[in-house]
Amino acid sequence: MSNTDKERAIAAALAQIEKSYGKGSVMKLGQRPHVDIEAVSTGSLGLDIALGIGGVPKGRIIEIFGPESSGKTTLTLHLIAEAQKKGGTCAFIDAEHALDPAYAKKLGVNIDELIISQPDTGEQALEIADTLIRSSGIDMIIIDSVAALVPKSEIEGEMGDAQMASQARLMSQALRKLTASINRTNCITVFINQIRMKIGVMFGSPETTTGGNALKFYASVRIDIRRIGSIKDKEEVIGSQTKVKVVKNKVSPPFKTADFDIMYGSGISKEGEIIDLGVKLDIVEKSGSWFSYKNVRIGQGRENVKQYLKEHPQISNEIEKIIREKSSKITNINLDQTEEEND
């Protein structure tokens, strides 16, 4: 078959598919109107940089997992606040029945506009999520958490009844159904997940997430969040040092990490990240315990500098802008080097 005949055959096949399934159901990748992936900020400057596109991608499934009290819900509330700032409508499926509206408000969430549901069963939770996503009016939906999505058969059964893999089957079926709607409506769907220990693992990590393997495959981004230390004011613990690792990323190179402080009552400390990343990228100068910006001393000690940046938002925003610009250039250089190595 000659090239001309091949082109004619492909054109005829494409025309037939479009006739059957509608315009835009099949096309060449270069003909797509939006090749760039849109993103919503996570509320953490370091994590936005680690994700490579400035936040979590729209129209994708995201999994955030980690041990208890590691900051999973805090991170998702920051995500909601950032989406709402852009005019987005968000929904929270609270399967754990544990959302604190007062804390959400402190983190910048407009609770008057947040749609919330506290379902009784896993099936009910996922049906509600499916209906909201299909409506095309929701920009972000949070499901907290996969472990709390208890199948109806388990709730109606007796205590101690063996329910082998019923939750994994439920998740697998739901994700098959949800994934096309999520992509079509450009809705960010975030699943919060817990960690369990596998019994009898001799080599490698014994940790695993709940709900089977389906979510691991369907998720475009998987974020592992851990508490690595405490922040103290004299003897009082006022926050926790947190480390996140992007363990899977389909939109940018994976395995990048970010560190930030979660302050009790106010969430992720943006000022702390600006100081740390500013010093790392030589934007902020550090000499002993003194910090300087543009040869002007802005404070002694990290906590004092954080307070200074809170009181001077224009300087904070200026440093953040430079950090984002510098980081994107570094990412582009790294990507170019990787492509050259592959060639």
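Numbers here mean position along the shown chain, with the first residue as 1.
A Cβ is built for glycine as well, from the same backbone N, Cα and C atoms used for every other residue.
Here the structure is a predicted model, which means the values were calculated and not measured.
Here is what Swiss-Prot records for this protein:
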- Gly66, Pro67, Glu68, Ser69, Ser70, Gly71, Lys72, Thr73: ATP binding site (BINDING)
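In sequence order, Arg227, Ser240 are the residues of the chain that are 6 or more apart from Ser69 (ATP binding site) and have a CB within less than 8 Å of its CB. Taking a C-beta cut-off of under 8 Å and a sequence gap of six or more, Lys72 (ATP binding site) has these contacts in its own chain: Ile64, Phe65, Gly66, Asp144, Ser145, Ile192, Ile225.
Considering only the binding-site residues Pro67, Gly71, the Cβ with the fewest other Cβ atoms within 10 Å is that of Pro67. The number of other CB atoms found within 10 A of the CB of Gly66 (ATP binding site), across every protein chain shown, is 24. Residues Gly66, Pro67, Glu68, Ser69, Ser70, Gly71, Lys72, Thr73 make up the record's ATP site, and a Cβ search at 8 Å around their centroid adds Ile225, Arg227 from the same chain.
Other C-beta atoms found within 10 angstroms of the C-beta of Ser70 (ATP binding site) number 23, with every protein chain shown included.
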